[in-house]
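Chemist: Just lifted these from Swiss-Prot, have a look:
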DOMAIN    103-225  domain 'MPN'
MOTIF     174-187  motif 'JAMM motif'
BINDING   His174, His176, Asp187  Zn(2+) binding site
Amino acid sequence: MYSIVAEESGLLPRERLLQKGAEVLSDQELLAIVLRTGTKSESVLSMANRILKGMTSLADLSRLSLNELQEIPGIGRVKSIELKAMVELAKRIEKAELARSEQIMSSQQVARRMMLDIGDKPQEHLVAIYLDTQNRIIQQKTVFIGGVRRSIAEPREILYYACHLMATSLIVVHNHPSGEAYPSRNDIDFTQKIKRSCDDLGICLLDHLIVGKSTYYSFREEREDFEL
């Protein structure tokens with residue numbers, strides 16, 4: 001159950017924000033500001049409290065579709081659109097912050113970026129991140145989107161762009177639509193295949209990451225010396 005922190009009595013959320021800053025407000029108060037109004041029978045703070053109590057974490061709010069938002073009592077079409085826009089804006093701010101650091105320093109850094117990009121996609125997406133000698137991103141490219149006939153990309157598709165971009169290294173990332181990030185036998189076989197192909201061309205495969213909505217698996221972190 002989501003934990004609610006009660007607001008300070010005597011001050012409305014907007015007044016608290018003006019006097020003390022947004023960072024001191026509870027999630028309930030911030031949500032109440034976004035919702036703006038309640039209903040005839042329920043205050044906006046009470047509505048925000050009820051919505052949050054129905055969630056296991058604040059992240060659940062970002063996963064609700066427009067239709068699911070509208071099914072929440074008191075949340076009509078306009079409020080659901082405003083909430084969806086707020087969530088999308090928050091995602092884009094997070095992505096912009098991550099993008100400021102052009103140099104890739106860790107698998108976790110890439111995983112955070114890619115969980116936002118493809119972690120909740122209903123189809124499998126395979127993304128290649130091409131890097132220069134300083135591990136700076138040259139280009140991030142979606143190489144493959146899963147379909148009925150195929151569920152994984154071929155190394156040649158990934159390495160074609162690596163050669164074209166003159167990348168010295170790359171990171172391969174794909175999502176599991178199930179949300180689970182543990183590798184399947186096919187994932188392991190594919191990683192072996194792409195690693196051999198990279199070695200043949202003198203390109204370093206820095207990692208293969210599998211991401212879900214809120215978790216990831218790194219072949220480099222989980223397998224000693226990246227030996228598969």
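Every residue gets a Cβ built from N, Cα and C, even glycine.
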Chemist: What is the three-state DSSP composition of the motif 'JAMM motif' (174-187), stated as helix, strand and coil residue counts?
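Modeler: Per-class counts: 3 helix, 2 strand, 9 coil.
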Chemist: CB neighbours of Asp187 (Zn(2+) binding site) within 10 A?
Modeler: 17
Chemist: Quick check: which same-chain residues outside His174, His176, Asp187 lie with their CB within 8 A of the centre of the Zn(2+) site CB atoms?
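Modeler: Other same-chain residues with Cβ inside the cutoff are Glu124, Asn175, Ala181, Pro183, Ser184, Ile210.
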Chemist: Under 8 Å between C-beta atoms and at least six apart in sequence, can you list the same-chain neighbours of His176 (Zn(2+) binding site), or say none if there are none?
Modeler: Glu124, Ile210, Val211, Gly212
Chemist: Along the motif 'JAMM motif' (174-187), what average pLDDT does this model show?
Modeler: 92
Chemist: Could you list the residues of the same chain, at least six apart in sequence, whose Cβ is under 8 A from the Cβ of His174 (Zn(2+) binding site)?
Modeler: Ile118, Glu124, His125, Leu126, Val127, Ile152, Asp187, Leu209, Ile210, Val211
Chemist: Can you break down the domain 'MPN' (103-225) into helix, strand and coil residue counts using DSSP?
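Modeler: Breakdown, helix to coil: 45 helix, 36 strand, 42 coil.
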